Amino acid sequence: MAARSSLKISVALLLVLGSAVGYCAAQDYDFFYLVLQWPGSYCNTKQSCCYPKSGKPAADFGIHGLWPNRDDGSYPQNCNPDSEFDPSKVSDLLSSLRANWPTLACPTNDGVRFWGHEWEKHGTCAADVFDEHGYFQAALRLRDDLGVLRALTAGGVNPDGGYYTIDQIKGAISQGTGFEPYVECNRDESGNSQLYQLYFCVNAAGDSLIECPVLPRGRPCGKRIEFPAF
């Protein structure tokens with residue numbers, strides 16, 4: 001009887017462990033997308049935008065998110081409901097977040113809800129690599145290292161309302177950063193295709209840029225892409 005009871009306990013334990021392993025596997029990922037957004041294109045739509053309480057952001061690419069992804073195109077999300085965003089854990093980064101990870105959503109706000117959404121939906125799925133502070137710090141560093149706007153302007157692609165081809169945009173960025181992004185476009189009020197977001201890929205450790213193993217399913221661009229002023 002004792003042996004049979006011991007066997008039942010062992011099987012039950014294995015089932016519990018198996019469930020836990022399955023849960024962890026479901027949260028696994030292979031790389032990150034670092035998604036940068038041009039504020040002029042966010043605002044230059046029928047929906048328009050609202051500047052954050054800290055004021056109009058700089059005319060530069062801001063961070064949308066750092067998103068864990070899998071090589072098959074799927075991605076984990078909302079991996080730990082108990083790990084709510086705590087602004088006090090990133091208090092030393094708040095000025096950088098306001099400047100380089102701004103929110104343009106309406107109504108005007110302080111960005112905390114946006115950052116909380118990004119941490120809770122995406123950041124919690126990389127808890128094996130980052131705590132909350134490390135997640136935001138890594139994204140800020142990667143953005144700064146890229147210098148996308150500098151690369152574009154050096155390649156003759158300027159945010160002045162002019163039109164460019166996808167090859168001109170990708171070529172300038174590749175030349176200046178060493179990496180070719182996936183380019184996502186949206187539409188202005190007149191229906192013109194405009195440069196909206198850039199997707200770069202980061203290794204699973206979250207510390208180095210890599211060539212993208214799979215491209216996202218973003219909105220495609222037209223033959224002529226507007227780069228609006230902001």
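Note that Cβ sites are derived from N, Cα and C of the backbone, with glycine treated the same way.
The annotation signal peptide is assigned in TrEMBL to 1-26. Look at TrEMBL and you will find H64, E118, H122 tagged as active site.
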Revision key, fill the gap. Smallest number of other CB atoms within 10 Å: among the active-site residues H64, H122, that is H64
Check your understanding: In whole Å, how far is E118 (active site) from H64 (active site) when you measure between their Cα atoms?
Key -> 8
Review point. What residues, ordered by sequence, lie under 8 A Cβ-to-Cβ from E118 (active site) and sit at least six positions away in the same chain?
Key: G65, L66
